[in-house]
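Let me begin by presenting the structure, written as C-alpha cells, before commenting on it.
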Amino acid sequence: MFKTRPLLSALVNYRQLLETNGLKLLCTMSEEARDQETAKLLKRPNEVNEDSAESATKRIKAEGEHNEDDKRFPKKKVVLLLAYSGKGYYGMQRNPGNSQFRTIEDDLVTALVKSGCIPGNHGDDMRKMSFQRCARTDKGVSAAGQVVSLKLRLIEDIIEKINENLPPQIRVLGLKRVTQGFNSKNNCDARTYAYMLPTVAFSPKDYDTENIAAFRLAAETLQKVNQLFALYKGTHNFHNFTSQKAPSDPSARRYITEMSCGEPFVRNSYEFAVITVRGQSFMLHQIRKMIGLVIAVIRGFAKEEVMERSWGQEKVDVPKAPGLGLVLERVHFDRYNKRFGGDGLHERLEWEREEEAIKAFKEAHIYPTIVKTECEEGSMVSWMATLPSHDFEATVTGTQDNKDQKQENADEGNGSD
C-alpha cells in the first residue's frame, strides 16, 4: 500500500505536465490552426475505431458470404471439357508472376472467380482447388478437347456463367463429376493431337513456294507420307525430338499408337490436310519435330534412313515444324472408364453429347484462325525455307545444339505436351 502511493502521485503529476504543455502549444497557434488541431485530437481515436470496425465488418461479411456459398454449393471434384484457340496466348499453363505473358489458364481462373465457382483466394493459389490440366500446350497451340480437373462450387447454370466471363475463343463445353482422387494428368491414358498444314509442305524442294494456291498433293505422295508416319508407331527413343534429353533417359521412350495424314481439302484457295497422332504422352516439341522430319524427307532434304538413326544414341539435327496448326483433339481415360464408368455413381469420361459443340467450335474459332494466319503470314513456307540449313547427315555438334536450345528457349515460354 505504501509503495503504490508514490507511483500514483507520480502518474498524476506527469499527466498534469502533459496537459499544461499541450495547452501552451495550443496557445501559440493561430485560432484556425488551433481549431483544426483540436478537431484532429478529438476525432482521431473515433476514426481509428471506425476504420477498424469497418475492416472487421467487411472481413466478417466476406467470410460469411464464402461460408454461405460453401454451404449452399459445397465444392465437388469435377472435370471441365475446354476448347480454345491458342492464337495470342503463351500456352495453356499459368505462369505466376508473369502477367504480361497471358495464358489460357489466366483467363479461365478469372472466369471461375467472377462466376462464383471458386473463392477469390483460390485464384492466387491453384493448389487450393486441386487444379490439374491433362496436357500443357505451347504458345499458339489450340485445343478442341482439353480436360482439367478441379474442385468447384456446383452453382446453378454453371457452364453458362463461366462462359459469360470468358472471351469467345475459350469455351467450357462440358462438365462431369469424378472421384475425389481423380487427376486429369495422371489418369490420362492417351492424347490425340491433330496438325493442320498446307499441303505445299510436301512439295518437291525445287517447287516455287510463291505459287502455293496452285499446289495439289498427288495421291502417291500422300501414300509415301503415310508410310513414313507409320514408322513412328510403337515405342521409340525420342530424345532427338525434344530438348535437354539424354539418350539414356528412360522418359525419352514414348509409345505411339497412330499417326497418319488425311485426304486434302481446299480452304481459301489453299489446299490443306490434317495429320492425326495418338500416343500415351508427348514431350516438348515432339509432335512438331516428328512432322518436321517427315517433311524434310518428302521434300528431299534428308534420306529416309535418318528416321531410324534419330532413335539411336547419336544426336541428330531434327527440324521443328511451326506450332500454328497443332490442336489437342481429345484425351483418353480408358482405365478410369473401365473402373468407375459403370459403378452407377460416376459418368464415363466420354463426350458424345458434346461432339456437335466441339465441331462447331473448331469450325468457328480454330480452323479459320489457322487458315487465315497461314494465308497472311505464311509460317509454313517461311519455315520450309530453313530446311537447307539443317545437316541431316552429320551428328549435331555441341555448338549447334546450344544454338538450337537458345532458339527454343526464346521461341517458347511454356513447357508442353
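Every residue number used here counts from 1 along the chain in the order it is shown.
Glycine is no exception: its Cβ is also placed from the backbone N, Cα and C atoms.
Curation plays no part in TrEMBL annotations; they are all automatic predictions.
The annotation active site, nucleophile is assigned in TrEMBL to Asp138. The substrate binding site annotation in TrEMBL covers Tyr193. According to TrEMBL, the feature compositional bias 'Basic and acidic residues' maps to 56-69. As annotated by TrEMBL, domain 'Pseudouridine synthase I TruA alpha/beta' applies to 230-334. As annotated by TrEMBL, region 'Disordered' applies to 44-69, 395-417.
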Euclidean distance between Cα atoms of the residue listed as 'active site, nucleophile' and the residue listed as 'substrate binding site', Å: 13
Secondary structure content, the domain 'Pseudouridine synthase I TruA alpha/beta' (230-334) (per DSSP, counts of residues): 27 helix, 34 strand, 44 coil
Predicted model, mean pLDDT over the domain 'Pseudouridine synthase I TruA alpha/beta' (230-334): 96
